[in-house]
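**Q** Sharing a structure here in C-alpha cells format.
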Amino acid sequence: MLGPYISLIADNSTNAPYVLIGTGTVIIVFGLFGCFATCRGSPWMLKLYAMFLSLVFLAELVAGISGFVFRHEIKGTFHRTYTDAVLNYNAEDEASRAVDNLQHRLRCCGVYNYTSWLASVYYPSNGIPASCCFNSSDCNPEDLRNATVAPSKVYHQGCYELVTAFMETNMAIIAGVTFGIAFSQLIGMLLACCLSRIITANQYEMV
C-alpha cells in the first residue's frame with residue numbers, strides 16, 4: 001500500500017517496503033526467541049535477548065531522531081519528485097497512478113493548485129487529470145482542457161501543502177508513539193536482565 005506514495009517521495013526506486021518487512025520479521029523472531037529463553041529459564045539466552053532488544057532500541061532511536069532532524073529534507077524531496085511527476089504525467093506509469101491516488105484521496109490538485117498542470121506534457125492534449133475533479137459525473141475532457149471552465153470543476157487546494165501540513169501536525173504524535181514503543185523495549189531489557197540474575201542466583205543456591 002505504501003509503494004505508490006514512496007515512489008513520489010524517493011528520487012529513485014527504493015527498497016523501503018522490503019526493509020520494513022524485514023525489520024518486522026526480525027522483531028518477531030526476537031520476540032519468539034525471548035519467549036523460548038523465558039520458558040527454558042536460560043540466563044545466557046535471556047542476556048542475548050536483552051542485547052537484541054538493545055540493538056532494536058538503538059535502531060529505532062536513530063531512525064526517530066533522523067526523521068525529525070531531516071524532515072525538511074524529506075519535504076524538499078517530496079516537492080521535487082511530486083513536481084516532476086506532475087510535469088511528466090501520462091496517466092499510465094506508476095508515478096502517474098500515485099499522483100491520481102494522492103489527488104483523489106486528499107481532494108487536492110497539482111503541487112500548489114490546479115495551475116501546476118498547465119505546464120505539464122499531459123495538459124495540451126488531455127487537460128487537467130480527472131482525479132482533480134470534485135464531481136466526476138460533472139467533469140468531461142472538454143471542460144478540463146478549457147482554462148476558463150476547468151477551475152470551477154477541480155479542487156483548488158494544492159497537494160504539497162496538504163502533505164506537508166499533515167507531516168508538521170502529526171510529527172509530535174509520531175515521535176511520541178516511536179519513543180513510547182522504544183521505552184517499552186527498555187522495560188523488556190530490564191525484565192530480561194532481572195530474570196537472568198534471579199535464575200542465576202537460584203542456580204547457585206541450589207548448588
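Cβ coordinates are placed from backbone N, Cα and C, and glycine is handled just like the others.
Curation plays no part in TrEMBL annotations; they are all automatic predictions.
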**Q** Pick from C108, C109: which cysteine does TrEMBL list as forming a disulfide with C132?
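**A** Between C132 and one of C108, C109, TrEMBL records a disulfide, namely with C109.
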**Q** Validating a neighbour-count step here. Other CB atoms within 10 A of the CB of C109 (disulfide bond): how many?
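**A** If we count other Cβ atoms within 10 Å of C109 (disulfide bond), we arrive at 28.
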**Q** Identify, in sequence order, the residues in the chain of C132 (disulfide bond) that are 6 or more apart from it along the sequence and have a CB within less than 8 Å of its CB; answer 'none' if there are none.
**A** Q103, C109, G110, Y114, W117, L144, V154, Y155
